[in-house]
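Notes follow the structure.
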Amino acid sequence: MEEELRVRLNDHQPSKIFPVKPKSTPKTLSKPETPDSRYWSSFKPHSIPNLVSSISAVAFSPIHPHSFAVAHSTTVSLFSSNTLTTSRRFSFKDVVSSVSFRSDGALLAASDLSGTVQVFDVKERMALRSLRSHKAAARFVKYPVHDKLHLVSGGDDGVVKYWDVAGGTVISDLIGHKDYVRCGDCSPVNDSMFATGSYDHTIKVWDARVGNSKWIAEINHGAPVEDIVYLPSGGMIATAGLNSVKVWDLIGGGRMVCSMESHNKTVTCLSVGRMGLEGENRIVSCSLDGYMKVFDYGRGKVTYSMRFPAPLMSVGISPDSSVRVVGGSNGMVFAGKKKKKARDDEEKKKASVVTSFWSVKSEVDESRRRALRPSYFRYFQRGQSEKPSKDDYLVKESKGVKLTRHDKLLKKFRHKEALVSVLEEKKPADVVAVMEELVARRKIVKCVSNLEEGELGLLLGFLQRYCTVERYSKLLMALTKKVLETRGEEINGKEEFKGILRNLKREVNQEIKIQQSLLEIQGVIAPLMRIAGR
């Protein structure tokens, strides 16, 4: 029975076969990778801890290798972009609020809450100028993009100041804001123009060439302005206030181009970053909600977002787009360095394009350069050769002054060399002018003490010839006395100085006799003048 059942089962063939499909697994809903996300996520993160307190400001040097300065508490630390380690430190008496590099990267300006703006020599780590004029805390300081002689600063006294750094004086006080001035930026295309933002909700654009210290444009952000940055074209600015970032068209009369409100808390800082060496520009913002967001203002949308473990206070992108620095309120610096592989790929791609399509690329660049489009800055500068009409306001630019050798040495703070150089030129007016500048800088005594034997002979010869001249006598008599006091022992022991000293003594005695004769004549004339007056 069992054998029959087994035979029947083996003889049975199925009439139809149904294939069994495996169970489908749910797919993850991930966003597609975009060029922006691929680029901004290629920065390798590096954290720099233990900077005591909140990172109030970050600034990059415009000169390669683009070192960056970080302001925290009463200290400004200078970091190397290659190693991300500290190279120098500058100390202040109060909390530092802002830092800015000069266009050549040689000087660093910083403002603090005591209202002082200080200028430092980066290499020598020495304070060159201490500018005191603000009556309250100074909140921002900026060097113009190409101007090496002036500074712009603003503070809680509501005044924007335009400084002459060499003289240490205020050229103009720009009054117009009704509340604290918290931020400002200089135009990348015109060193005389800059914009400032205030807690009175307004952004004002200034021109240092306008004599009446009046702003030339005003924009209402609608909230207290925390930061402001010029876009590379020079015709638009981006402002931050509360949780919004807005882009404004200055050439179009202050029209708002777009607005981004993706942050949940106050936006504290703005910066402009370029996607690679030849990529598009992006606005980078950071906020108290701990997010750094990248904003494409051409399309009006957020293209990348990154979360950090602390509220963010400052952000900066290096000029060559290789380093990104974000400062937190907990004293941490979240630095990001471009990965080497990504940089190499960009360089190889650029080299292949240059070698393979050199002629085509040059023709395309030439055609783009010649083309005039409404989005180009040159489009708004056409017709500059036309003569102004009666109703036009003509803004004249001051021509550059050709500096002499001693003026160049004074700009470089090489005081002794400047004094020797002007003494060799044998122009008394220039010599006295340089001496007055050294007196103002409190360096004249140090220069006299460091003069060598031949240089001291030049100085004594000049003093012997011109110390009794009426125009210069007040300064030169005091300087002669100081030289004899400080270098008297060396002068008495040298034979070549005896003739100069003898002539100097004769000139001084002769001048004393002339002054006594004049006093006698004055004593005779004075009673006669009183009688004539009656």
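Counting starts with 1 at the first residue shown.
In case you wondered, yes, glycine gets a Cβ from its N, Cα and C as well.
What you see is a predicted model, and the numbers here were worked out from it, not measured in a lab.
Here TrEMBL flags 1-36 as region 'Disordered'. According to TrEMBL, the feature compositional bias 'Basic and acidic residues' maps to 1-14. The compositional bias 'Low complexity' annotation in TrEMBL covers 21-32. Annotated repeat 'WD' per TrEMBL: 131-173, 174-207, in sequence order. If you look up TrEMBL, you'll see 386-527 marked as domain 'U3 small nucleolar RNA-associated protein 15 C-terminal'.
When Cβ-Cβ distances below 8 Å are used as the criterion, the repeat 'WD' (174-207) is approached by residues 139-140, 142-147, 150, 152-156, 158-162, 213-230, 232-234, 237, 239, 241, 248, 250, 377, 395, 397 of the same chain, each at least six residues removed from its ends. Sorting each residue of the domain 'U3 small nucleolar RNA-associated protein 15 C-terminal' (386-527) by its DSSP state yields 103 helix, 0 strand, 39 coil. Mean model confidence for the repeat 'WD' (174-207) is a pLDDT of 91.
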